[in-house]
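Trainee: Below is the structure I would like to discuss, written out as structure tokens.
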Amino acid sequence: MRPAGRSNNQVRPVTLTRNYTKHAEGSVLVEFGDTKVLCTASIEEGVPRFLKGQGQGWITAEYGMLPRSTHTRNAREAAKGKQGGRTMEIQRLIARALRAAVDLKALGEFTITLDCDVLQADGGTRTASITGACVALADALNKLVENGKLKTNPMKGMVAAVSVGIVNGEAVCDLEYVEDSAAETDMNVVMTEDGRIIEVQGTAEGEPFTHEELLTLLALARGGIESIVATQKAALAN
């Protein structure tokens, strides 16, 4: 029996609260069960030096965890004087995922920074970050159109992510912390709304997994992401 009695293919309750803060062009509080992440999208005119004069935009991301988002306090990375490898890996993943959602040429020379701050962690913080940041990004792009800075919206479609894994020999979707810490296989999957794969990060923590198990996990992820995308679209429709 999984925590909260979920079936193996069932994601946790997903909530997306838009306009959570007042200053950012897009802001969303995303909740995957007890995992809560604040995602903001900020627009700046101009692009990084390596893109100047090319007539296209850029999307980047930063990720961080509040000191007491976990069971025991972790010092802020600013206090340590440098970002950890995990943080850099996750924020690059978020940026790659969200660049796949946008026509960067149609964006023009704007940079959008997605800030994902974990308020409470109970597994799946990176997948929640991608899911919430996509909605914040959609709101920010809508503002560019509403303000007359873009003629057409460069958003190509929604992007969402979910964790899957093998726990106690069974393939399950959207792992909570207690499952994640005991998983034999742990995988994060990012997809477009039509089921195309953007990224798969998979690791055998114990016993190596088979090709058949990989296909099972990808199918579980697709089903979970379809449900999450429906929640994203419902949030944007309100």
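Here the Cβ of each residue, glycine as well, is placed from N, Cα and C on the backbone.
Values in this document were obtained by computation on a predicted structure and should not be read as measured data.
Per Swiss-Prot, phosphate binding site is recorded for Arg86, Gly124, Thr125, Arg126.
Can you tell me where each of these features sits in the structure?
Mentor: Within its own chain, Gly124 (phosphate binding site) has Phe32, Thr35, Val162, Ser163, Asp174, Leu175, Glu176, Asp180 as residues 6 or more apart in sequence whose C-beta sits under 8 angstroms from its own.
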Trainee: Other than Arg86, Gly124, Thr125, Arg126, which residues of the same chain sit close to phosphate? List them in sequence order, counting a residue when its Cβ is within 8 Å of the Cβ centroid of the site.
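Mentor: Close Cβ neighbours, site residues excluded: Tyr63, Ile90, Val118, Ala121, Thr127, Ala128, Ser129, Asn188.
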Trainee: If you count other Cβ atoms within 10 Å of each one's Cβ, which of the binding-site residues Arg86, Arg126 has the most?
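Mentor: Per the Cβ count within 10 Å, the most buried is Arg126.
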Trainee: In sequence order, which same-chain residues at least six apart have a C-beta under 8 angstroms from Thr125 (phosphate binding site)?
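Mentor: Non-local contacts for Thr125 (phosphate binding site): Thr35, Val37, Met65, Ile90, Val118.
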Trainee: For phosphate, with binders Arg86, Gly124, Thr125, Arg126, what's the maximum Cα separation in whole Å?
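Mentor: The span, Cα to Cα at its widest, is 13 Å.
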